[in-house]
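The structure appears right after this line, and notes come after that.
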Amino acid sequence: MANSEMQDMLICKPRFLEKGPDIQTKLQLSINYAEQDEQMERPVPSVYEKYAEMQEYFCPLDQLEGLLKTNFGIGLSSDEALKRQQSKSIDVSDWKMFIKELNLFAFDLIIATMISISLAIYGSQNNLEFSGEEIITSCLLLIVITITFAMGYQQRKKSQYAIEKDNEQTITVYRDGKMQHIQIQNLVSGDVCVIKDGLVIYCDMRVLESSDLQIQMNQDVTQAVKGSQIFCGSLIRNGFGKAVVIKTGSSTTIAQIQKRQGSKLLQKQLILFQQIMTLIALFVIALVIIWSGVMSDIDTSNVFAYGFRVVEQVIIAIVPVGLLVIVTISFQMAIRRLAKLRFLIKDAESIERLSEINCLCIGLNEVITSKNYSFNSFNDCKQLLYECNKQKSIHLYYCAILTCNHTNLDGTEKSIIDCFKEEDTEDLIKNTKYYVNGIQYHLPFNSSKKYSLSIVEQQGKYFVYIKGAPEVIWSYCNKTLFGKIDLQQTQQFNDQLVHQCSKGLRSIGFAYLQIENEEDLRINENDYEFNKQNFVYLGTLYLNNSLNEQTIPILEKLQKQNIKLVIITGEHSETARVICKNTGYYSNPTIIEGHQLYLHVDDQQEVTRLSSVENKLGNWCSQQEIIFARTSPEQKLSIVKALQQLNYKVAITGEGLTDLGAFRQADISISKKHGSQQMIINSSDLILTSSKQTFLDSYQAILEAKRAVNNVTKSIMLCLSSNTAMILALFVYCFLGTPLPFSQNLMLLTSISVDLILGISLAREELEYRIPNRTNLFLFAILIIGCIEAGGGLMASFSAYRYFGFNLQNLYFTRFARVYPVGDQDIYNPSSNTLGNSNLIDNCQYIGQMQNYQWSSPNNTIDQRLIFVQCGTCSELQIQNGFLTQCWNTKYEYPDCESNINDIQFCYTAKASDFASTSFYIVLVLSQCINYFALRTLIKSYNSTRINTLAIYGLTISLILLPIIVYVPGIQRVFQTINMPWELLGSAGLPFCLLLLATVEIVKWLLRTYVGFQIL
């Protein structure tokens, strides 16, 4: 069954008509349309028919007992309950939560880890030189993966716990035929439990026994009988009974409705880049393996071992290993900052979606206006009471007091009680009997129906008191305390209402209905509007609305961030217009009333459905200043859909279960810890945890999320630039056949040390309100910054080779090159016809077999001039020594070695690759430190903001690690570094570091200065 269909079943969507002068015409049209709707053919099975497939909800109770494998008389056994609890604790949702941490980055890392472990085992069994390095690589990769997954999973569980810890209700269950008290979240399917008034249900149940059992869900109250369903999120309003649990946790119907796939633009962009880079890597890997197999004469298994090692190196170079931890920690830091601001956000994905919000839908009451209300001095409650008392009516007093929800008073009702309060008020509240059909009854304010209602029994008579929107209350009345209502009085009432509301006053209407006989109390389960419109209108109160002190500054910040504010309120349209204009944020707002979202009457007086006004709704939502007045929670869903069709990322606020549809549809849902229903809190992405906060304060969370994502973007750029440098170094290695300019453990070390530390430091940078397109930023990091860093690293690497006697042409295609054997004690002698190689003999002959040369061998200190040789004409020096015919000569020209006396033994040897790799590492670390300064801001100059404390620590640690990695002996062996002479400490690459900073600053200056660049 589709989620939307289930939602339609559980969330009531009445065709609400706003009563007014033309109400009779509209009502008749609505009735006609309903009759036509019932006659329409419905070939598609209804939601109820589809839902009936779920047997536990609709089958007879005797079959249900067998399905649930329980006993309705004695309940589950303790052993069976424990078994079901254990299977529940290992819920599929937990595994889904863990799997959510998987992405292409993590998948690539897992592959690299598996390859590394396999190579370490294979290398140790076959005495290959890289086995020790692979053991270290696999350990480092396992540590990174474990930390990343653990941190992400921990945050999800922590957020779940923070929401659930406040729900510590206990419930009575039958276990082994005995009654036990357990926490409600520990219920399992098949538990038989006792339910009573005041209990909030967090699972789906079927009623077994009931005594005056009354269930409230979505502000509708129904009487539960044997066999009835009780859905998760319901409140037991009255009575008691027994019920059996049929679904818990993520299997409940509400949990299915709540499921939403939010947008994750940042992750999608990263995956797109990763997919492109992975395809390139696969192409390179295929070429390397083929080339290795064709060009090498070594054992085929060893060829593939070296080929898979290249696969591993490519993956490490392509995947920003440290980025997984950086993003996790950065978002964790953002979550902690939000917690200090009294916001609870569930996971990192919600932060990303929150950062994309450009439309905030909020209500008017207690958001823009303050929570304290006072009555207008002209039409205040005392004046109204005086008028009623002259007519010998006490019903206004009763209506004002008895229609309030005394268990959860809002600001309006508190003000009403304070003004109407008399000496006997407490006794009245305590002793009044709310009555309907033998059941105590009181309906709190219903946002859909726009009123609250109480039915009271007094001296054998029944009085229905209603309080709410004046125009709605007036439509139910046929007289006032002064006489019958006619069209002239209705017009005067409407004019007075508009006049008072145009002053920015809130309005509340009161009315009552006296019913002589109990049988006249015929109220349908979902209809409390009474067919006979013979209420007596008691009067209207007008309340002053003062602006919240923080409203105007917050609206200015929203405007600065280009966040569209949509007001969705139940207030009168004129009240909403005046209040919003007083904020200064609105100049001439468009006001749309709730009934326009459901019914539209055209010139032919024909009623069309919501689909006919979708275009109009879209046009309304496209306006910058838009207010929806006299709306219900159900109508939020249509508004959210319309805004999303206009490419807005919508955040919606709500407190009741009727908001669940809009919550599911919106990109971000926001609720309050204090005042919202628990199921709404559980389904929210962002929760306001302070009772002093209003929904308008959620702008702080939006700005903090934007700050977090912007800083993560900078961290991604930092990682992508270093990874690009590594990838380009690998391309040189793969396509030119040179020694690897950068060892794989140094690649990994750079990602999990320098990139990690500096990337986390960027998480503390300040918010920039306008930044370039994120895709363009990533391309800039790859194509510009990465290439500059690669140029600096390669220049330093080749300078190190030159220092030890190698030209570039001495390096091309030397990997896996076939070389002649050499003796252990052989020393290069240019005057000898064999150059000092004891395995070379006259007439171009040699002893032994040619071998494949390996630059990566850690003990390879052979002078390459002895093995990279060819037979040909003798040199002048050889001729001077009497060799006139064919002689052995070096294949390449080798320049003079510039090494000092201490490093002279490394000249012309593969040991030079360690110096080259270390030089590349030094330049890359220095480049990343310079890159940090360049990326601190994306528009402003790097020196325009203060350095955060975390950055100072990060830079210090990165620079301290550099000499440790280079000069500490034990660490040298792990990462294949070596003691560097001072003249090789990155000097050749330093100009590239300065070029990097200059390039980024010039681009930022262009973005600030020229409009043409600002479109980026």
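Placed from the backbone N, Cα and C atoms, the Cβ positions cover glycine too.
A TrEMBL annotation is a machine prediction, not a hand-curated record.
Listed in TrEMBL:
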- 102-123: transmembrane segment (TRANSMEM)
- 135-153: transmembrane segment (TRANSMEM)
- 168-259: domain 'P-type ATPase A' (DOMAIN)
- 270-294: transmembrane segment (TRANSMEM)
- 314-335: transmembrane segment (TRANSMEM)
- 716-740: transmembrane segment (TRANSMEM)
- 739-1006: domain 'Cation-transporting P-type ATPase C-terminal' (DOMAIN)
- 746-763: transmembrane segment (TRANSMEM)
- 775-801: transmembrane segment (TRANSMEM)
- 918-935: transmembrane segment (TRANSMEM)
- 947-968: transmembrane segment (TRANSMEM)
- 988-1007: transmembrane segment (TRANSMEM)
Within-chain partners of the transmembrane segment (918-935) [C-beta distance under 8 Å, separation at least 6 from its ends]: 714, 717-718, 721-722, 725, 729, 741-742, 746, 749-750, 754-755, 758, 761-762, 785, 788-789, 792-797, 799-800, 942, 951, 954-955, 958-959, 962, 965-966, 977-978, 980, 984-986, 988-990, 992-994, 996-997, 1000-1001
Outside the transmembrane segment (947-968), six or more residues from its ends: residues with CB under 8 Å to it: 749, 753-754, 757-758, 760-765, 918, 921-922, 925, 928-929, 932, 936, 975, 977-980
DSSP-assigned states of the domain 'P-type ATPase A' (168-259) in counts, ordered helix, strand, coil: 12 helix, 53 strand, 27 coil
Listed stretch, out of 314-335, 716-740, 775-801, that has the most CB pairs under 8 angstroms to the transmembrane segment (746-763): 314-335
For the domain 'P-type ATPase A' (168-259), mean pLDDT (0 to 100): 79
